[in-house]
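J.: So that we are looking at the same thing, I have put the structure below in structure tokens.
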Amino acid sequence: MGLRNLLDKVEHHFEKGGRYEKWYPLYEAVDTFLYRPGSVTRTTAHVRDGIDLKRMMIIVWLCTFPAMFFGMYNVGHQANLIFAQSPDLLGAQDGWRFALIGALAGFDPNSLWDCLVQGAAYFLPVYLTTFIVGGFWEVLFATIRRHEVNEGFFVTSVLFALTLPPSVPLWQVALGISFGVVLGKEVFGGTGKNFLNPALVGRAFLFFAYPAQMSGDAVWTSVDGFAGATSLSLAAAGGVDNILGHGLTWMDAFLGHMQGSMGETSTLAIFIGGAVLLLTRIASWRIVAGVMLGMIAMSYLFNAIGSTSNPMFAMPWYWHLVTGGFAFGMIFMATDPVSASMTDTGKWLFGALIGVMVMLIRVVNPAFPEGMMLAILFANLFAPLIDHFVVQANIKRRLARNG
């Protein structure tokens with residue numbers, strides 16, 4: 001018996017009046033994940049594109065793969081570089097992860113396999129925890145409300161996991177995604193009704209609730225007893241010269257050969273996935289362009305103002321592009337169609353607001369060198385207001401034109 005036949009055979013048990021009626025959302029989630037939805041229109045439909053929510057979310061999920069796999073490689077590569085430079089640290093490591101890594105691979109920084117295995121030993125448990133805990137809340141709320149489980153959580157789960165440092169405790173991962181899904185989305189009605197990006201809500205909660213595990217110099221590698229600063233922290237401490245002084249070139253930063261959150265280091269990998277999102281029109285090019293233009297304009301403004309005490313004023317825009325979570329946030333977070341502005345003009349303004357805000361936070365705030373997360377959440381709050389004024393301006397313009 002094929003899987004399709006098996007699902008069809010048990011379907012009546014989950015429908016209204018069936019033995020497992022209350023579990024229909026779970027059945028529907030499995031069925032639509034494995035096969036296309038069976039619902040059809042009852043009357044003539046005017047379809048511009050056959051894409052549905054399921055296909056859209058799966059495309060976004062697949063577009064994170066370049067950043068995901070490079071992130072796993074880079075986590076392992078950074079750790080193995082440290083072990084090669086300080087062999088004594090290798091003997092000080094313990095735990096189930098290192099037992100697993102030792103059984104499946106080695107600690108050679110020049111071995112692709114060794115680096116991937118080490119990175120996977122840190123990323124996959126984080127992703128699995130995110131998926132299981134967040135999925136539990138999705139299914140619970142869908143069951144209570146008696147509606148289908150949406151595929152949007154596939155995207156939320158992977159984006160949340162990719163924004164975390166490799167050393168984050170798994171219980172904090174569970175707590176963060178619970179906060180993001182429940183208070184960032186479900187309390188407002190679920191998929192399509194949230195005004196904040198749930199992945200960023202969860203990440204912001206962890207940042208403010210557990211700053212010791214989300215920031216500083218000791219959280220960006222998987223090596224216990226080692227502290228290493230991110231490129232953005234180096235820039236905040238001494239500008240671009242400080243970054244270059246630590247042996248990190250712009251090309252290294254662009255390719256992602258540096259410490260940072262698991263999925264945010266490689267601008268190249270992020271742009272590969274972003275190109276697909278833009279070509280398929282899932283992501284709005286207006287938002288991406290607005291973020292870039294806002295960031296570049298503010299960067300030139302700060303460069304012109306200058307500062308003798310704050311080296312971030314002199315940092316060029318192309319360094320801001322490849323440091324921190326700017327590229328990841330611009331491509332995957334800012335373009336969330338639910339929490340972003342919906343009008344064309346509003347998308348430009350929404351993106352520009354993010355670009356301006358991230359520069360203000362990075363440059364002017366000495367205690368917080370990264371600003372993309374807060375900039376996007378700030379813009380999410382203003383997205384409805386931006387659309388309101390754009391619509392009102394359009395109404396006034398049409399009234400003036402047509403009398």
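Placed from the backbone N, Cα and C atoms, the Cβ positions cover glycine too.
Pulled the feature table from Swiss-Prot, pasting it below:
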MOD_RES   Thr230  FMN phosphoryl threonine
TRANSMEM  56-76  transmembrane segment
TRANSMEM  121-141  transmembrane segment
TRANSMEM  164-184  transmembrane segment
TRANSMEM  225-245  transmembrane segment
TRANSMEM  260-280  transmembrane segment
TRANSMEM  287-307  transmembrane segment
TRANSMEM  312-332  transmembrane segment
TRANSMEM  348-368  transmembrane segment
TRANSMEM  371-391  transmembrane segment
J.: Which residues of the same chain, at least 6 past either end of the transmembrane segment (260-280), have a Cβ under 8 Å from a Cβ in it?
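T.: For the transmembrane segment (260-280), the far contacts come to 59-60, 62-72, 74-75, 119, 122-123, 126, 161-166, 220, 230-231, 253-254, 288, 321-322, 324-325, 327-328, 331-332, 335.
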J.: Would you count the other C-beta atoms found within 10 angstroms of the C-beta of Thr230 (FMN phosphoryl threonine) for me?
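T.: Taking every protein chain into account, the count is 27.
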J.: Could you find out if DSSP has Thr230 (FMN phosphoryl threonine) as helix, strand or coil?
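T.: Assignment for Thr230 (FMN phosphoryl threonine) reads coil.
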J.: Going along the chain, which residues at least six beyond the ends of the transmembrane segment (164-184) come within the CB cut-off of under 8 Å?
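T.: Cβ under 8 Å, 6 or more out: 75, 119, 122-123, 125-126, 129-130, 133-134, 137-138, 153, 156-157, 194, 196-203, 205-206, 209-210, 213-214, 218-222, 260-262.
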